[in-house]
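What follows is a set of notes on a single structure, which appears directly below.
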Amino acid sequence: MARGEGKGESVARLSNQIACIKYTLFCFNIVAWIVGAGLFAFTIFIRAEPGFDEWIAILDVYQYYIGVYILIATGAFVMIFSFLGCCSALMEHSSALYLFIGTQVFLFLLTVIGSAILLDYSTMNSSIQPLIRETMLRFIVTSEHPHSSAALKLIQESIGCCGADGPNDYMVMRQPLPLECRDTVSGNAFFNGCVNELTWFLEDKSIWAAIMAMILAAVHTCNGVLGIVLVQALKREEEAMNRR
């Protein structure tokens, strides 16, 4: 009798542990869904922001959108898989939980890769800067052409910068310093080049998307670990029930 009671207490304890893990996993999936929805909305806004696509086209830096597209897909997948994760946890179905663990590994890799690519094409000393520099220098060399002149005017007036790395770019290339390179109040040339100014402009947008992606990566890690623990607990519970 005491032995049976001991087994019963063991099964009850396992059931309580499973319930605790299950509802913790449920809460983590809700957090993942909320952050994933925020990431999806924010990256969609970046891609669809009025006028932003024009800047990307002028600078010819469409590589910036690679990371944005990956994070858009990540946000959509997170919302779908988080819902399925909640269902698999509540049903206590081992096969569904194994599938859920696999999706968490996939989403972890997707968030890390997407944020890494985004930051590699939007931060200081990243791959985006040589591309912007090349485009700006090409505009300066061909500044007598209407298209190049208009692009330089738009960039330098809007951002408050001059040349690729500063006003010396015009002197080196023996081109006249345009009026839009000068401060309208002091008349002095802008000190900062457009490469750094444009990179800071892109970085301000990308950093928030990368932060949300890293939060998701941490949540996916927790979800994967909790999923494995829950599967093992369910196996132990099943073995304990069979021994009774």
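Heads up, the Cβ atoms here are built off N, Cα and C, so glycines get one too.
Curation plays no part in TrEMBL annotations; they are all automatic predictions.
Looking at the candidates CYS87, CYS161, CYS162, TrEMBL gives CYS161 as the cysteine bonded to CYS194 by a disulfide. Long-range contacts of the transmembrane segment (207-234) within its own chain (CB-CB distance under 8 A, at least 6 residues past either end) are made by residues 14, 17-18, 21-22, 24-25, 28-29, 31-32, 35-36, 38-39, 42-43, 46, 67-68, 71, 74, 78, 85, 89, 92, 94, 97-98, 100-101, 104-105, 107-108, 111-112, 114-115, 118-119.
For the pair CYS181 (disulfide bond) and CYS161 (disulfide bond), the C-alpha distance works out to 6 angstrom. Annotation for CYS162 (disulfide bond): spatial neighbours GLN156, ASP169, TYR170, LEU177, CYS181, ALA189, PHE190, PHE191, ASN192, GLY193, CYS194, criterion Cβ-Cβ under 8 Å with sequence separation of six or more. Other C-beta atoms found within 10 angstroms of the C-beta of CYS161 (disulfide bond) number 25, with every protein chain shown included.
Fewest other C-beta atoms within 10 angstroms, among the disulfide-bonded residues CYS181, CYS194, are seen around CYS181.
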